[in-house]
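Quick look at what TrEMBL lists:
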- 251-408: domain 'SSD' (DOMAIN)
- 29-49: transmembrane segment (TRANSMEM)
- 251-273: transmembrane segment (TRANSMEM)
- 280-303: transmembrane segment (TRANSMEM)
- 315-334: transmembrane segment (TRANSMEM)
- 354-373: transmembrane segment (TRANSMEM)
- 385-408: transmembrane segment (TRANSMEM)
- 460-484: transmembrane segment (TRANSMEM)
- 673-691: transmembrane segment (TRANSMEM)
- 698-718: transmembrane segment (TRANSMEM)
- 724-749: transmembrane segment (TRANSMEM)
- 770-793: transmembrane segment (TRANSMEM)
- 799-823: transmembrane segment (TRANSMEM)
Amino acid sequence: MAKCKTDCIERPLSWVFEKLGRVVGRHPCVFLLLALYVAAALGAGFIFLHEREANDIEDQFTPVNGPAKLERAIVVENFPGSEEFSELRLASEGTYASLIITGLQGENILTKAAFNDIIELDRRVKSITTGNNFENLCAKTKGRCLSNAILDIINYNATEIVSSNIKYPMNNGMFLGTTIGGVELDSSKLTSAKAVRLFYFLDEKKTKENPYWLDGFLKLLSNYTEQKTVHVSYFTSISRQNEFETNSDSIIPLFSVTYILAIAISILSCLRLDCVRTKVWVAVLGVVSAGMSVLASFGLLLFCGMPFAMTVETAPFLILGVGVDDMFIMISCWQKTEVNKAVEIRLAETYKEAGVSITITTLTDVLAFYIGLMTPFRSVQSFCMYTSTALLFCYIFNITFFGACLALNGRREKDNRHWLTCMKVPEATGDGGGCCVGGAYDKNTQKEYEMPMDSFFKNYYGPFLTTVWVKTFVCLIYAGYLAVSIYGCFQMQEGLDVKNLATDGSYVGSYYDKEDEFFSAFGPNVMLVIKDDKFQYWNSTARESLDLCLENFQNLTVADSGISPISWLSEYMQSGLNLGSNNEAQFKSQLTAFLTRSGFSQDVNFTNNQIYASRMFIQTVNIRTSIDEKNMLNAFRETAENCGKLQTPVDLIVYHPTFIYFDQFSVIISNTIQNLVVATCAMLVISLLLIPNPLCSLWVTFSIASVIVGVAGFMALWDVSLDAVSMIILVICIGFSVDFSAHISYAFVSSEKSSANEKAMDAINKLGYPIIQGAVSTIAGVVVLSAAKSYIFRTFFKIMFLVILFGAVHGIIFIPVFLSFLGTCSNSHEKKKPNLPEHSDTSERRVKAVVIQNEWSADPDCY
């Protein structure tokens, strides 16, 4: 039986990198200047940054082609705007300003003193003249500005609030559920309330003047301190977008901090006491290389017209971490070469060993990001495109610009020159040196001395981890980890709460908090649109089906059964104008007059004597959490679908402007699972191609699943919801999980040690310090985001922190222990010792260039 040769990909690729390394080592200045020129030229694309910015919340954070957007198009097509304003019938959220007024100590607000302040505040708001006065800009009904119901009830007289007999939630046909909150009732009589909400709607057609008036409203309220008895929270229809757009300002200073931190960590990782062998400048230029990749990739995509969403602003932090990690790989391989060889030969050997390693790193990470392009959220698509392209440029600049820097530094070391002054210094005789003596190396191996951390993992940590009592303790820890993770998964909340798009401490957050506290008893008034232009409203059988359909909606737990649906048809049937209502002509003959007189003209698209569409409304209740929003949306859409299956079908849709945002609930979980499955399969294919060992692939799968469960569970316990932001980072964690797991397990199965414990120690010896170093460098790239004032940026940090932490813990604790229980697992076909990296490696992914070495004798061809 033919044996499979496993280095069909690795061997020619290593040969190509060896040739490239020789060329770069021979002409480093050419590659260095060429990379700088490309970065500068492409970086010019940043002149388009402002016009490429795509920060519209609806466009970026709601599903592309979501059902609610299609439903909105149907509503707009069939029910065009009217001169008579109706909040209930808006196809969008409208243009408005709003106030939520509460007592200073949370007391009853239905008092004369409180309403004196409320009426005065109302007067001040209506006196705003920025852009134009309120009277000219307001949304009008019957020629008058739409007023607030609670103020109409008391005739703008504060003394009447005590004596008025107000019913709740319906008072003489007026719905008060969204304007009075935190109520106490005596039967249906309102006895006390803790909050009052006022709305000031503007005419949407006056698009030029409205923003100025709203800005004046915000300026007034931000400086309004004359309240004596009440506390005021305020909000406008442009507030959420304005606050969202200011989020980016909070992280611009953090990027410089990240850059300095990345340089510091790189220098510390590459620092030696030897003034010649230290790699200070190499470390700094490695960070510069990562920065160049951000400049070039972003500039290129901006040139190409790619939208720049706010989520993209987190990408440079990740790129710095990953780019620095790849730098460690090349430095590690350089330190393995013999110091007395020519620079171009040392660089050729470095490229031969490290090239495949960073290629696999790039391949797995970029693939994870490209899979993210499958999501229906533009913010995620933009983030994935920019980040994946940046990773590709990071790869290109690592093998050109940074390789050239490594070669130039090698020439300095070859001449035994000081790292700072470049002056020749005497050669040191031992490991170390001083400020003016250096260039020492191991005379036996002709290589640089090993790092102290390698000795720690070899002599202390490995033997400690493989003792019986420690392995038992590790298993108990893992059981606890898994239990907590699974528990957390069941606590997961779905969807992006729009209030999280505002910065911390914003007035927007205060308004939303008050809204959730006092006005969540009643949800949206949902529109039921009968879109079938063939529906026979005059036919009693058809009306019975429609009545049954409405009854099904009323019976939903999220619907208010105490409030009758707003139905033009019911009113028309009760009006007595439809004599001989089973007759189409008679039914239609009086319809126009009824609609005009009753105020239902906006609810029926009655054109050319044909009813093309009509609508009715159902009030919802107790929509307090994102789960409630999801359940309500699903219940209404399912009921609408069932209406189409009645004996006389009623073809209708359900719609409310908030459904645009609720749509994310229907795709978040399914898309997350889809992306995770596709990404996992892709990673396994890569593993099988480059690491063809079934046992290793099994442990790769196990580790990926374990890390994903852990990240998902702990992020829920860390108050992070499953939304468009966290969804893609979960997919990304698969790529990083491969980095930490595949190589430790392969190092185990490919080890020639005799016992399982020795194999585990051998794997830890080779990979322990690289895993720690890789984890620290990546976390350092995103840690400053923890100080951001935006939920989006903090979420990115939290999940990336969990991904790297759990990935590293699996790599250096869980996987070695679990593998040690398997006994001797060497491949029976193994004929020779694999060319594994020496224990002086300084990068977690350093082993990638090794794990794909040929382990079996085989025919020259691949099978």
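From the backbone N, Cα and C atoms, a Cβ is placed for every residue, glycine too.
At the 8 Å Cβ cutoff, the transmembrane segment (799-823) and the transmembrane segment (673-691) share fewer than 3 close pairs (sequence separation 6 or more) and do not count as touching. No contact links the transmembrane segment (770-793) to the transmembrane segment (673-691), because fewer than 3 Cβ pairs that are 6 or more residues apart lie under 8 A. Of the two recorded stretches, the transmembrane segment (460-484) lies close to the transmembrane segment (698-718), with three or more CB pairs under 8 Å once pairs fewer than 6 apart in sequence are set aside. Of the candidate ranges 354-373, 385-408, 698-718, 354-373 has the most C-beta pairs within less than 8 angstroms of the transmembrane segment (673-691). Within the chain carrying the transmembrane segment (698-718), a Cβ under 8 angstroms from the stretch's Cβ atoms is held by residues 481-482, 484-489, 491-493, 676, 680, 683-684, 687, 691, 726, 730, 733-734, 737-738, 740-742, 745, 798-799, 802-803, 806-807, 810-811, 814-815, 818-819, all 6 or more beyond its ends.
Sequence-distant contacts of the transmembrane segment (29-49) (same chain, six or more residues past either end, CB-CB distance under 8 Å): 289, 292-293, 295-303, 305, 308, 396-397, 400-401, 403-405, 408. Sequence-remote contacts of a segment are chain residues at least 6 beyond its ends whose Cβ falls under 8 Å from one of its Cβ atoms, and for the transmembrane segment (385-408) they are 17, 20-21, 24-25, 28-32, 34-36, 39, 281-282, 285-286, 289-290, 292-294, 296-298, 300-301, 306, 308, 312, 315-316, 318-319, 322-323, 326-327, 330-331, 334, 343-344, 347, 350-351, 355, 358-359, 362, 365-366, 369-370, 373. Within the model, the domain 'SSD' (251-408) carries an average pLDDT of 86.
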